Every structure is written in structure tokens, then in C-alpha cells.
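J.: Okay, handing you the structure first.
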Amino acid sequence: MSATQAPFAPPVDVPVKVEDFVHDTCIKTGILVSATYESMAIQIVIIVFFGKLLHLGLRRLFIPRLVSDMIVAITIAKVDFIRSIFEFRLGLFFKRFGDYMFSTYLFTLGLGMDPFSVFDPPGKEHYIAYAGVISTVAITLLCKDFLVKHKVGLIAKTSIRANLGFGAAFAATGSPLLTRLITEQKLSKTAVGQAAVRAGIFSDMIVTSFMCIGGLIFHDDSKLGDSAQRNHKFYVAGILAEIITLMVVSKWVLNKINERNPEGKPMKGIYITGLMVAVLLLCFTATFLHMDLNLAAFMIGLALPREGRVTQLLINNLNFFLNYVILPLYLVYVSLSIRHSELRTNPDIDRVIDMPLRWHKLLIAVAIGTVGKILGTVTVGLFFGMKWLDAIALGQLLSIKGYYHIFCANEAWEHFMINDTTFVAMLWMITITSATTPLVAYGIAAWKRRKARSQLMALQFHKSGTELQIMVGLQGPQNLPIALTMVEAIGWTKEPGKLTLYAIDMIELTERAAATLVRGQGAEAVEVTDAEVMDVRNQTGEALEAFRKENNDGVNVKRLLAISSLDDMDRDICMCAKDVMAVLILIPFHKCQRMDGSMDTGHDGFRLVNQKVLQHAPCSVGIIIDRGVGHMNQTSLSLVGKNIVTVFIGGGDDREALTLAAEMSQHPAIKLTVVRFLPAVETRGNATIQSSTFHKLNQSFTSDAEIQMQLDDEFFADFYRLHITNKGVEYMEKHVTDAEELVIELHALESQYELFVVGKGRDRKSVLTDGLEDWTEYPELGHVGDIIASSEFSTTASVLVIQQYDARKHYDVIDDEFRPF
């Protein structure tokens, strides 16, 4: 084949029909195109996979995904042989769609915001957002002469558009990253965390809206012809008319769609498809009016109503697609940018990312973006009574940068407002602040939790007549009946308002759930808008509201949310318990009962949560094994009698279990029986011989077991006087010699009671339970609790295993005598 011959031309000496040649050429071209798209798809999968893999390692340091995706993008752009592989295939995609990729992000960002919140009475968060934006823009304008210097400055050319745009970009907050960070660091219940989330979203809405308005006013004359420049004011009026009309019409249209697709009914795809087509048409209509497509997407998203099933479904699906596909690709697109010939100072470098990092520009960018936010936040925060450290930490959190800042830097570079080295410095500044801000959040979390409480947060030590707080952990509405049954029984003798139930939904923070995090209302800084999660929470809310009304508001019912990975969920639960001063946490067992009475395989992740809660809880903890005490259609205990038994062997956990059972026995529908197991005579004799031998070695030593026995006797004497002598509680004593006899006696109680209340026995040292640890399947239930909870024991009796709070575990001292109690 000659050098000039077409690649698909037939050999010269072979006669071929024209039709055959065209047919073969089309087939070969189609194969090449197909191979190109297949290679492109594989490369996209590789980018997403390695970004996710790197994030799995960095998430332990609470570093956001932007950092891991940015590292992957920079690696692809800077390593020559990797760049040569990815650049050819992805270049075709970026050439067509690169400039429009970020419009999806801005549309989703606007869709999650409420523009009418600007007209609400301003609160502390609003003033903090205003102050942070104004102070950052003011510092930028005051330093404008310094910023445009050729060798030192950041801005390539001076103009009102460049100065204001530069300041506004620094004034914005990476609110999606900040919301995720606050959630993962368990700061959503703190005042600093709530203020950060709300002020961050509000400042983003203000800054991006001003960017859109600025784009209309300070248009790029180089991209407009003479006719377009003359008619520019009409284009602006057309865009404003489009947005206002959309705000009026969209609410009516979406309400109609929501009415035709009620909750619980699958959303018809035709509505979502039609809505997305309408959004695309509106965006391209705005481009005909000479508005940037990306900013038009934000304005259209902002104009659509935030509430409603359709909007939430769009946010959920778009966020998931953005985090996994669009944003990682956008970072690669930015990293592969080719330098402008007009700004080149080093002709040997073709890629922007290969330009050397100017450290002075990086430091200037970090200083402006951080100092401006902190200055405005501290000024307003101190005015509203915040502490110095809280105000500074809040300003540092609000200075976090995100994907929007990368977009602004890329737009400024493409419009020649900044040069190549400034663009590189901006990319590194955004990456560094995103990676270091979690350290500030971690410091805040550690500072807020630096003091352990010296109070004994247990029912046994709770003062009668004072307010009682109980927290109930819920995996779903199926956990409510038995929990509400117990809460109603505990609060039967309480005065109205003296018992508060905190129902905390335990939501696993999956990638899909994380993509649906939005600003919360009330005490919650964040909420999850995933359809399945919202459906479960709505069912739970309806059941709790019915319980509250049935008790005539005698029990205060409040909702909490623990959303995190299962590895960290115990931190959420324990911190909430500490914040609300809970005395008892009730959490469900990780297994549920099947229809045939056996237990299912359960969820090992929630088992780990239970074990960690038992280890770190700031109060007493109860694990509930539900076998039918209470039903979904029955919320009142007064409808049916309950036979409850408490097994008492000894130790703090058993004393706590007996205290709880005594509170529940005050309810007229409950009949309580206390069974105390004591060593038989011969067993006590052996124990006495061993104890005597021990005291001969050291008569001054008093064992912990003896202390517990003394506390048991004192506690039981008071309990007997208060509850048994007046025949309100039945009492039985059983003398056994060893663990085998104990198990036999427990089985004799199997069919007589609907609920067993037992102590975990963590500090119990008794000959009656020696050897049971070898047969214990679930150590978190204790020896006795594990026996009663097994399906071989009973398929009808529910179990409540109690562990009493031990405040000593929160103090690290040399010896027990130095503890504060």
C-alpha cells in the first residue's frame, strides 16, 4: 500500500466493485467507532473505581471524596504514559460535552435550595453567611492592586467583573462537602455544626445567585456580535421572564404530578423523563438568550420548588450519578486542559497541570479564602454570644472549598481572568483546604466531648420526681411496639411532662443515602431524602404521634437521627444520649423472629453497633429481643395483662434490671415476679472455706465480689420493703448449686411469662454462672440473657437485657481511690 493510499482502500491490482468497497469501509469504520466507545466506557469505569478505592482509604481521616478524585485526575494528567492512554478516547467525549458537564451539578445544587428563605426573618446563620461573604469580597477589593501584579498577583487583568467574580468565588462555601463532613464527624447535633450547615448552604445560594446576575450584567463582549450587544437588555429581560414564569408554573405542574404519584406508589418514568426534557429545553432557551448554560441550569434548579416527591427523587438520583460519574470525569477534564497560547510563558509545556506550582500564589489564595470567612464569622458570632474558639472554628469550617470553586477557577482561566500558574495554585488550594478542614472538625468534636460526666446516669440512682429521659434506637417501625410498651409502663406513675422519649432512627450511611443529604429542620442539621428512608421515617413518625396522642401528651416524644456507617453509628447514638442526658438507651437485638418462632440470621453490622454502644454508652443500656410483647395495632398496655419476671443473681446489672422492672410494675396491666437465685447451702460452705483461705493470705483485702454482695443485700432489703411486703410484687427464692441447676430452673419459668428482664451480669462473680461463658453465643447479652434469648428456650417470651452504666470507664486514673466517686 502506498503512503498516500487511503487506509481502507483496496489493493490497486485487485478489481473490486464500488458497492463492495463502500460496504467494507462502513463496516470497518463502525467497528472502530464501537471500539472507541467501549474503550471510553472502560476508562470511565477505571476512573470511578480507583477514585472509590482511594476514598475508602482516606475516609478514615474524614477526607472528602473530592480529594481522592482530584488525586486520580492529577495522576492521569501528569503521568505521560497514563495520559496517552486516557487522552485519546476521553478527548472525544470532553470535546463535545466538557463545557456542559458541570451544569448537572449546578442544577442539583439549585434544586436543593429555597430562594424564598432570603425573605424569612434573618437568624444567626443568615447574618453569619452575609458577614462571611461581605468580608471576603471586601478583602479582595481592598487588595485588588496587589492581586493584579504580574509576578505576585493572582488576577491576570483588572476589571470590575474580574475583581468581583474573584471575591465571590472565594466567598462561596463547599456546602455539599461541608454537610457530609458535619454528618460524618457527628457534629450535626452541636450548635457549631448546625450553624455551619445552614450558613454554608445560604452563602452558596447568595454567591451563586450573584454570579448568575453578574453574568447577565457583565457579559463577555468578545462572544457577542454588534446586534447582540445592542439587544443585550432585551436578552436579560427574556431570561428574567423565563425564570419568573417557571417559578409560578412549575409549582402547579409538580403538584399535579405528585397528586398522580402518591407516596407508596412507584413513580411513573414518563413524568421524570418529561421533566428532564423540559429542563433541558429551558436551559438551551437561556443559551439562545446568551446566558451561560451552567449558570442557567442553577437558576432553573433554584426556580423549581424544593418540596415534593418529584423534586426529592430528582435530587436523590442526580446526586448519586454526580458523585460516581460526572464529578470524577469533570476533574479529569479540568486536569487535562491545554494551555492558552495567549498566556504562555513557557512554550515547552502544553498542559496547565504541568506548570510549576507558585507557592506564594497558593499562600495568597489560602489566606484570602480563609481570613475573609473567619473575620466575618467571628465578628457576627461574638455579637450573638458565641465563644471565641467556636466562632473561629465555625469560620474555618465555612472556608472549605469544593467542586463549585474548581468550576469557578476553570471558568476564570478560560476567560483569561487568571493565568496558568494561578489556575494551578487554585486547584491545589481547593484540594488542600478540602483535605485539612476535616482536621478542624475533628478538633471541634474532641473539644466538645473532652469532659466526662461525673453523674451516675442509671435508673438505680435516678432521683424520683425528676425528669426522666429514655432513648430508643430504631432500625425501623417494627421495633416500636415493644419499645413503646415499655416506655408507657415506665412512665405510668410519672407526672405529665416528666418522661421524655427520644426516638432515634438508625440509618446506615450508604453512598446512595449520602447523596441525598440536605439541610434539616429544627434540631437536625441534616436530613436524608432517600425515598426508602423517608418512607420508613414517616411510618415511624405516624406511630409515635399516635402514641403521644393516646397518652394525652403525658410523654414527651422527640425525634433524633443517627446517620453514619455502621462502624461509627455507636458514636452518633452515644453522643445523642449524652446531649439529651438520657438515663437509659433501649436498642433492638440484631436478629428478628420468623413466623415459625426461630430467629433469622440477623444483621452483623447492627450487632457490632450494639456491642460498641454497650462499651461506650454514657448511661445504662437495654437490648430488646422482641417476640411479640406489643403489636402494631396495639399501643396501649391497658388492653392486656402482662406477666413479667426478673431474674436476680447479683451485681450492678441485676440491680438496674430490678429497678426498671419495679418501675414497670406500677402499671396496672403488669404483674411482676422476682426470682432470686441463691447458692445452695453446700455451695455457700465451699465459698466460705475458699474465702477464709483467701483472707488468711491478706486480711486487709476486700474483694470486689464481696462489695457487690454487700450492695446486693442492701439494695434487695430496700426493694423487699417497698414492693414485696405490700404484695405488689411476687417473690420467689431458688437455691441452686451450679450453672447446670440454674439453667434447669430457668427453663421451668419458660411458659409462665411474656417478658424476662435480666441483667447482663458484667460485674457478676458467682458460682451459679461459672462455666456458662463457654456456651454463650452472644456475649453482649450476658450468660443468663443468652440462654433466655435462644429459640430453644422460648418462642413466645421477649427478653430485655440491662447493663448498668459504669462511670468508672470514662476516667483514666492510677487507682480507684482517685476516682471522683
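Placed from the backbone N, Cα and C atoms, the Cβ positions cover glycine too.
Please treat TrEMBL annotations as automatic predictions, because they have not gone through curation.
According to TrEMBL:
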TRANSMEM  40-58  transmembrane segment
DOMAIN    46-440  domain 'Cation/H+ exchanger transmembrane'
TRANSMEM  97-116  transmembrane segment
TRANSMEM  128-147  transmembrane segment
TRANSMEM  195-218  transmembrane segment
TRANSMEM  234-254  transmembrane segment
TRANSMEM  275-300  transmembrane segment
TRANSMEM  320-338  transmembrane segment
TRANSMEM  359-384  transmembrane segment
TRANSMEM  423-447  transmembrane segment
DOMAIN    498-636  domain 'Cation/H(+) antiporter central'
DOMAIN    645-806  domain 'Cation/H(+) antiporter C-terminal'
J.: Quickly jot the same-chain residues contacting the transmembrane segment (40-58) by Cβ under 8 Å, restricted to those at least six beyond its ends, or write none.
T.: 65, 67-69, 71-73, 76, 85-86, 89-90, 92-93, 324-325, 328-329, 332
J.: Average the pLDDT scores across the domain 'Cation/H(+) antiporter central' (498-636) and report the rounded value.
T.: 81
J.: Mind checking how the domain 'Cation/H(+) antiporter central' (498-636) divides into helix, strand and coil residues in DSSP?
T.: 48 helix, 41 strand, 50 coil
J.: Six or more residues out from either end of the transmembrane segment (320-338), which same-chain residues have a Cβ under 8 Å from its Cβ atoms?
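T.: The answer is 44, 47-48, 51-52, 65-66, 69-70, 72-74, 76-77, 83, 86-87, 90-91, 93-94, 98, 101-102, 104-105, 108, 350-353, 403, 406, 410, 413, 427, 511-512, 514-515.
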J.: Restricting to the same chain and to residues at least six past its boundaries, which positions have a Cβ under 8 Å from a Cβ of the transmembrane segment (234-254)?
T.: 216-217, 228, 282, 285-286, 289-291, 296, 299-300, 303-305, 308, 310-311
J.: With pairs fewer than 6 apart in sequence excluded, do the transmembrane segment (275-300) and the transmembrane segment (128-147) have three or more C-beta pairs that lie under 8 Å?
T.: no
